[in-house]
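If you scroll down you'll find the structure; I have some questions about it.
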Amino acid sequence: MKTDTPTFEAQQIVRLRRGRLIRRLVQRDKTPLAILLMAAVVGTLTGLVGVAFEKAVSWVQNMRIGALVQVADHAFLLWPLAFILSALLAMVGYFLVRKFAPEAGGSGIPEIEGALEELRPVRWWRVLPVKFIGGMGTLGAGMVLGREGPTVQIGGNLGRMVLDVFRMRSAEARHTLLATGAAAGLSAAFNAPLAGILFIIEEMRPQFRYNLISIKAVFTGVIMSSIVFRIFNGEAPIIEVGKLSNAPVNTLWLYLVLGIIFGCVGPVFNTLVLRTQDMFQRFHGGEIKKWVLMGGAIGGLCGILGLIEPEAAGGGFNLIPIAAAGNFSVGLLLFIFITRVVTTLLCFSSGAPGGIFAPMLALGTLLGTAFGMAAAVLFPQYHLEAGTFAIAGMGALMAASVRAPLTGIVLVLEMTDNYQLILPMIITCLGATLLAQFLGGKPLYSTILARTLAKQDAEQAAKNQSTPAGENT
């Protein structure tokens, strides 16, 4: 019986087609290797600098507290010294920002968003030392600020520094390494790699140019940053609240109610931040002496507040586990919440180098715990655990204020290692975001960036108008 055997020509055609298919598969990935290598460098540097920043802030705080402990038995020395030490530390931060790098003031995240759109400068040779040393001063003083804003801005500036050092001129590399550094910075601040990636994709979605090259670079940078962080700090979650019980299905409606509450609180909080910024601007009018003295007064008051009510001062990471454990009454939780709202507004809106993520997480924890404890009294048949509402509240305020629910959900779950609470987290954060949007609230960082750009345009217009007048005289 005759069998059909492929001819030599047919075999050659098959080999040729197979070769073309392999080449297409290989060539489909156009990611330049140089960008991925530089992303790894940026992530490593950001992780190292982020860890160094954390250690430096802790060292300053310990030195300040140690000095106060030495005079703890002498009230006539303790109170003035608490004010003076915190005031001096804060004044260092305010002075450096105002004198050398105004863009290093505040969180720094809006500056990175503006730089991604080529609307704001990236002067890494100024911002890196000013943000690092200035943040040591303000955070070390016990001001109500977080370290995530500085590490995000430091990471973005490290990305631009690497770009300049290795003389990479393409616009794609410039944009990609800036975004990579920012994502690595958030990961280094919170030991939350997935949240760092989502932060770039979600919060910076209008500015981030999503493609296969940029997203691979962001992944690479975040991986390296997280590895560096865990080498120095271990793999434990940075907020220890223990393993909480899951939320029964018949209690999920309470998380929606909590989300509605935060959906109302978020826009109000954003409005207060912006109005407080305007108030400070009217006070100092851009004059460096007034600005530094104002910052010193705020820092000194935080130092005094740290003696009176330690929970009301500082970034809030130490407060979160205590509050989530139900160690405070509902009334005390609400009192600390209101106090920390005021201190957060004063510290962040004054332009101090420091972030607002950590203070918002603490505020969300306080209000969420208060709601959970009240609900446990009103609905005893549910056997509610206030800590689960604390976790949901942590992400809800950030979701309503920053308008980044996915980032808020993942960030809190990574920080607390309570992934089983993902469903109530989704319900709370989504409810908060939708209601905040319905009420007309605007994302905080985008609003701050828009105000910064408007001020920049006004200054440029005034400069252009004054130039001809100077030439005619």
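Just so you know, glycine gets a Cβ as well, placed from its N, Cα and C.
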Based on Swiss-Prot, are PRO310 and GLU459 on matching sides of the membrane?
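Topology check (Swiss-Prot): PRO310 vs GLU459, domain names differ.
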Among TYR255, TYR419, TYR445, find me the residue Swiss-Prot lists at the same chloride site as SER107, ILE356, PHE357.
TYR445
Which range, 109-116, 245-252, 453-460, does Swiss-Prot list as intramembrane segment?
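Checked against Swiss-Prot: intramembrane segment maps to 109-116.
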State the residues, same chain only, that lie 6 or more residues beyond the ends of the transmembrane segment (330-349) and have a CB under 8 A from a CB inside it; answer 'none' if no residue qualifies.
106-107, 138, 143-145, 269, 272-274, 276-277, 279-280, 298, 301-302, 305, 309, 311-313, 316, 319, 323, 356, 359-360, 362-363, 366-367, 369-370, 373-374
Would you mind giving the whole-number mean pLDDT across the motif 'Selectivity filter part_2' (146-150)?
93
Please work out which recorded stretch in 109-116, 387-401, 405-416, 417-421 has the most C-beta pairs separated by under 8 angstroms from the intramembrane segment (193-201)?
405-416
Near the topological domain 'Cytoplasmic' (167-176), which same-chain residues lie under 8 Å Cβ to Cβ, leaving out any that are not at least 6 residues past its ends?
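Answer is 32, 34-35, 38-39, 116, 160, 209, 213-214, 217-218.
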Report, as numbers and ranges, which residues of the same chain sit near the transmembrane segment (288-309): CB under 8 Å and 6 or more residues beyond its ends.
64, 68, 78-79, 82-91, 93-95, 98-99, 138, 141-144, 280, 336, 339, 343, 346-347, 350-352
If you count every Cβ pair below 8 Å, which range out of 77-100, 124-141, 148-166, 215-232 shares the most with the transmembrane segment (33-69)?
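Comparing 77-100, 124-141, 148-166, 215-232: 215-232 has the most Cβ pairs near the transmembrane segment (33-69).
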